[in-house]
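Visitor: Sharing the feature lines straight out of Swiss-Prot:
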TOPO_DOM  1-74  topological domain 'Cytoplasmic'
TRANSMEM  75-95  transmembrane segment
TOPO_DOM  96-684  topological domain 'Lumenal'
DISULFID  Cys209-Cys440  disulfide bond
REGION    218-330  region 'Catalytic subdomain A'
BINDING   Asp259, Arg291, Trp417, Arg448  substrate binding site
BINDING   Asp314, His316, His445  Mn(2+) binding site
REGION    386-448  region 'Catalytic subdomain B'
DISULFID  Cys431-Cys509  disulfide bond
REGION    448-461  region 'Flexible loop'
DISULFID  Cys548-Cys565  disulfide bond
DISULFID  Cys594-Cys611  disulfide bond
DISULFID  Cys637-Cys653  disulfide bond
Amino acid sequence: MVAICIKIGERERKRVHIMLLAYTWKTRVSSHQCNKSPIFGLFAIQFSNICSNLLLLQQKLSMGLSRYLSRRHHWVIQYCGLLLFLYLIYSYVATSNDGPNLHEDIPVFQGQGKDRANPNPPAALGDEALDPFEKYRGHEKIKWEDEAAYEKEKRREGPGEWGKPVKLPEDKEVEKEALSLYKANGYNAYISDMISLNRSIKDIRHKECKNMMYSAKLPTVSVIFPFHEEHNSTLLRSVYSVINRSPPELLKEIILVDDFSEKPALRQPLEDFLKKNKIDHIVKVLRTKKREGLIRGRQLGAQDATGEILIFLDAHSEANYNWLPPLLDPIAEDYRTVVCPFVDVIDCETYEVRPQDEGARGSFDWAFNYKRLPLTKKDRESPTKPFNSPVMAGGYFAISAKWFWELGGYDEGLDIWGGEQYELSFKVWQCHGRMVDAPCSRVAHIYRCKYAPFKNAGMGDFVSRNYKRVAEVWMDDYKETLYKHRPGVGNADAGDLKLMKGIREKLQCKSFDWFMKEIAFDQDKYYPAVEPKASAEGEIRNVGTNFCIDTQFKEQNQRFGLRKCTSDDKDGGGEQDLRLTRWHDIRPKGRKICFDCSTSVDKAPVILFDCHSMKGNQLFKYRVAQKQIYHPISGQCLTADENGKGFLHMKKCDSSSDLQKWAWQTVDNELLETRQANEAKEQE
């Protein structure tokens, strides 16, 4: 220190530099706008003022000491004092951090709008900056139901009103045009064009939802619809459903993110429509310059959003009545809560709106297929109360902008689609947040069918790469189980994971073992890492025809029947090695596609459908004594066609009918009896 001071003292001619130090630093900090750290910026400006005042004080002191010390010694003392002061300030800044800086060296994706809600406000601004939702607590609870809107919609008439199904006119030209639109969209877009953009839908909420009370003051929302080549009327109906069924004081904006669509109707005509119908003040369109994919499309919409809460929806949706307050109220109570609505069904053929079910918890199997877990007994007792869900379905959820950006938004290393729902779900739970489903918030969704309308993204196996990124960052040692069940994932190149691992470290997130034991605590019961032994397996021979059930490697929604048993005809081929699993469903060996019957009519069809391990339509019981395969939901028994050539169906049980008698190749009677007894207890 002394040596430096003497050296500086020898350079008296440059003493003006030190006097300019404070001014220069202050100017640079101000012009930079303290982007990296608002707190540091405020501190820097104050520090520069202190430096300036210190120099003025030094000048006064030097004037008072001039009669005792030489001019050279004056400057030596001043320089040494200033260096000592700088050293003390540096020591204070370097050691005064009481906790992890959650945003250091981690880019935060914020939009540049002047009205933007700052997702990471400086702690120095007070409690409201740390928790901006404090102002929404403590208010009276009110009913947000818009009775006038209900009455108005009740008077509507026309195709598809009240969510009723619509049929195509019987006309060859219409059928031809409808088929063309079907192939282009994956749903019946011709029917969509027949239905009003403002159509009414059936209120399919639980009856008690109409009596629910929510905070009288709730945060504002930005609703984000990413889309690519969406059919125009379906997209606009999604928009109008949100506008018509949302309190105007809560709906700040709707953002349509056009992911490089080429359809002419989605270009300038879309913006002209918004302007002509005077909704361009609330609906704005963002357009990408290249194909970004669903994940980055959502991220871009979030960056541009100005609402306090971000709501992500698919662009082929219709919001139900009073859908918004149930999503917002839990977030107002705790901004780290993510809320998902119940997702109902818009039929891809007829546009009928119908409920999917009355709730289930989201989960996954070890090949990373999205699955559902049954509600706990406690959750079933409160049909209107939000309940914890380990994993979101992906396309429908509400999250505070503050929490979304604290989590780093979506991992921008994920391409197109796939894995984003696991990535966000895991980090919400593991990083000290919570995720719930809100039964009184319902949004209907079109599940595309028959045709895959979009071009290949040309990015190789992006889904495996996405899964690898999620596994490497969040799943710890459990990732090996995923790699075992989905081998392509383990060999994929995950890319640079430094940023996402840095977020996990700085947020001090919990382990995946904690997630599996505390949040997805019963997943192993329904989707175990090791497949449990089957109760019965092998061929299922029909006594009346002496033929065996053959699923013939068919896919979802396809029917099947009987063929000559492969044990009788070694060259016959087919798919006859079946399993009666611990979940009481019947599936071909090595495949997760199950026997399914959804109706109780006479001769109800039996189809193949993705296994969900939740019983219901896929629950079958083998009655050993009668050799019947009983379906409790329909109350009927599996029946073969008389000549053995038709499809299998369900029919009223008749113990005397050989067409309803089935002989499994191998049956573990003790295991079967135990499992069926346990299943009966669960139903009590």
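Every residue, even glycine, has its Cβ placed from backbone N, Cα and C.
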Visitor: Helix, strand or coil by DSSP: which one applies to Cys209 (disulfide bond)?
Guide: helix
Visitor: Note the mean pLDDT of the region 'Catalytic subdomain B' (386-448), expressed as a whole number.
Guide: 94
Visitor: List the same-chain residues at least 6 positions away in sequence whose Cβ sits under 8 Å from the Cβ of Cys594 (disulfide bond), in sequence order, or say none.
Guide: Asp585, Ile586, Arg587, Leu608, Phe609, Asp610, Cys611, His612, Gln618
Visitor: Is His445 (Mn(2+) binding site) helix, strand or coil when read with DSSP?
Guide: strand
Visitor: Which three-state DSSP class does Cys431 (disulfide bond) fall into?
Guide: coil
Visitor: How many of the residues that make up the region 'Catalytic subdomain A' (218-330) does DSSP mark as helix, as strand and as coil?
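Guide: Tallied per class, the region 'Catalytic subdomain A' (218-330) gives 43 helix, 28 strand, 42 coil.
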Visitor: Round to the nearest Å and give the CA-to-CA distance linking Cys440 (disulfide bond) with Arg291 (substrate binding site).
Guide: 35
Visitor: For the recorded Mn(2+) site formed by Asp314, His316, His445, which further same-chain residues have Cβ atoms within 8 Å of the site's Cβ center?
Guide: Ser238, Leu313, Ala315, Ser317, Ile346, Gly395, Ala444, Ile446, Tyr447
Visitor: Radius 10 Å, atoms counted are CB only; among the binding-site residues Asp259, Asp314, which position scores highest?
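Guide: The largest 10 Å Cβ neighbour count belongs to Asp259.
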Visitor: At a 10 A cut-off on CB-CB distances, which of the binding-site residues Arg291, His316, His445, Arg448 has the highest count?
Guide: His316
Visitor: Determine, to the nearest whole angstrom, how far the Cα atom of Asp314 (Mn(2+) binding site) is from the Cα atom of Cys209 (disulfide bond).
Guide: 24
Visitor: Looking only at DSSP and grouping its letters into three states, which state does Cys440 (disulfide bond) belong to?
Guide: strand
Visitor: Rounded to the nearest angstrom, how far is the Cα of Cys509 (disulfide bond) from the Cα of Asp259 (substrate binding site)?
Guide: 33
Visitor: Between the Cα atoms of Arg448 (substrate binding site) and Cys509 (disulfide bond), find the distance and write it as a whole number of Å.
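Guide: So the Cα of Cys509 (disulfide bond) lies 36 Å away from that of Arg448 (substrate binding site).
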